[in-house]
Amino acid sequence: VRLYARPDAIRRGSGDYALNITRRLIEFYEDYFKVPYSLPKLDLLAVPKHPYAAMENWGLSVFVEQRILLDPSISSISYLLDVTMVIVHELCHQWFGDLVTPVWWEDVWLKEGFAHYFEFVGTDYLYPGWNMEKQRFLTDVLHEVMLLDGLASSHPVSQEVQQATDIDRVFDWIAYKKGAALIRMLANFMGHSVFQMGLQDYLTIHKYGNAARNDLWNTLSKALKKVGKSVNIQEVMDQWTLQMGYPVITILGNETTDNVIVITQERFVYNSDTKPKDSALGDNSYLWQIPLTIAVGNTSHISSEAIIWVSNKSEHHRIPALEEAGWLLGNINQTGYFRVNYDIRNWRLLINQLTRNHEVISVSNRAGLIDDAFNLARAGYLPQNIPLEIIGYLSEEKDFLPWHAASRALYPLDKLLDRTEHYNIFNEYILRQVATMYLKLGWPTNNLNKSLVQASYQHEELRREVIMLACSFGNKHCHQQAATLISDWISSNRNRIPLNVRDIVYCTGVSLMDEDVWEFIWMKFHSTTAVSEKKILLEALTCSDDRNLLNRLLNLSLNSEVVLDQDAIDVIIHVARNPHGRDLAWKFFREKWKILNARYGEALFMNSKLVSGVTEFLNTEAELRELKNFIKSYEGGAAASFSRAVETVEANVRWQKLYKEELFQWLRKSLTH
């Protein structure tokens, strides 16, 4: 196992981490798959420029520097995690992709979904306490891809590929993240050990050859037969891979008969005005076979889970222990790829439970309830106040995951509101939820001698999440702390800012303090060589409130001497996230579209990331018109990205019209109590 990089990176020891974990991961995969690594050597190559994060060439994987080089003295936990997961991903491909290759491009999601799922399984092997597959997978994969897949303009995970130009299209987040989420659901309803056995058989049968999804389904069905279970995996999985979108399951208590519940399924869509592309199909014909796990609970206890296979539009089921229990919870630990809605009575009981003793409900289910509630409300399936009431319990929440889920779910809501006149009411409400925990946790100290990994990952990430919310919603103490740390750095020219919160401090400092700070960060961006540090310094420059500086930065971003091509996109997107720069980035994007499209049109992900980044938070009728006019007039690719953009902005405008007032009314009421 060898690693190649530029001489100065090797001298600094920036490649050591990757080399060490690669050795351990090869052992992990050989043991898990029971198939030895197939070649006499494995080389890792770190390059300054590459159109993708990495590429799994058999025995010679190529990585862009910032996804493999790690300078332990100045890297945050999230950067360490990034590097780790890209390496775990590419190594998984040495089996799934290289040793056994999909027959055709429509099944690209097979290799990508597996590699993405194993990013979490493999990282758990390296860091057993981090609970990646059970926890972090939810916020980083499941919740994220459900946002995309809830659009009527989504597409199935298996897409037909007829000509070469179709190939790029199949490498998108649906293939990676939905693929991974479906594989996780499968592993959970099969049972992990049976699933593992099935994968071992699949790789053994097909090694040095090609296989299609049905080969995998058949092998997995056989593995289940061996342990005396019969599920037709192909029949179940075809519905999940050949239909786009996902279901929302609604569980209703029955007023007349005790212990009986009604379970219905329908396709979840954010913007219910948009008709699906194929209107002959209509949303009504969407049906899935859903492995719904259910548990019932009361103030001190939750039952073990039972599984119900839901395959009809509407079904009645008896739940024997329901009446003593009180509340009911579906999709235990969020292993399934669907959302769950309840009648208001059950939501109230769950909110009450979280407030009184949240630990009865598992960490992953607490995160799942938060994400489902925010998204059900955004799509109009649930009153706007329910998600905000759920996060009322967070002042008692000591686990990272529910905070992370809340922070990610609040983000799009924040962006819908951040240019409205009553924004401060929303701001105030969030600050109230965060204050207690912010005071309790405080700031990290900067002990540089302690390696990141020893620090309790969950605790440090929780503290980071709370500081991020406090600073971005304007907690006074958080602002002062950030300003003090920046001033200290400028006056002493020694950066003592704790690694795990550097990006937050830089960004907060730039937004609060004067132009000198911006110039100082700009200078540091030029002088630093460490890739992880360069990235966060550049992003901090986009946090300014000064529109002239934001414009200057946008114009500089296209100068390849100053900003690397792959980083220019991040600059434009981050300016668009800033309420002071949203219209500037949107205008810049339209004026420079020809250049941008010529530069990024060929690279996977780049174009769609850019299009969604500058449009996803537009939310006025005027902006929607601008978007539609722009699409009429421009030349060149990205058609799918633009139709997603239109649908997203339409949903934003619709939400403003239908639900904004309801939200503010509730916030006003709750703030006066």
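Start at 1 and count along the chain as shown; that gives each residue its number.
Glycine is no exception: its Cβ is also placed from the backbone N, Cα and C atoms.
Pulled from TrEMBL, these are the features on record:
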- 17-240: domain 'Peptidase M1 membrane alanine aminopeptidase' (DOMAIN)
- H89, H93, E112: Zn(2+) binding site (BINDING)
- E90: active site, proton acceptor (ACT_SITE)
- Y176: site 'Transition state stabilizer' (SITE)
- 327-650: domain 'ERAP1-like C-terminal' (DOMAIN)
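Its own atom aside, the Cβ of E112 (Zn(2+) binding site) has 27 Cβ atoms within 10 angstroms in the protein chains shown. Reported as a whole number, the C-alpha separation between H89 (Zn(2+) binding site) and Y176 (site 'Transition state stabilizer') equals 11 Å.
Take the mean position of the Cβ atoms of H89, H93, E112, the recorded Zn(2+) site; other residues of that chain with a Cβ within 8 Å of it are E56, E90, C92, F96, G97, K111, F114, A115, H116, F118, Y176. Neighbour count (other Cβ atoms within 10 Å of the Cβ, all protein chains): 24 for H89 (Zn(2+) binding site). E90 (active site, proton acceptor) sits 13 Å from Y176 (site 'Transition state stabilizer'), taking the Cα positions as reference. On its own chain, H93 (Zn(2+) binding site) has E56, S61, K111, A115 as residues at least 6 apart in sequence with a Cβ closer than 8 Å to its own Cβ.
Separating the Cα atoms of Y176 (site 'Transition state stabilizer') and E112 (Zn(2+) binding site) is a whole-number distance of 5 Å. For the recorded positions given as E90, Y176, the lowest number of other CB atoms within 10 Å of the residue's CB is seen at Y176.
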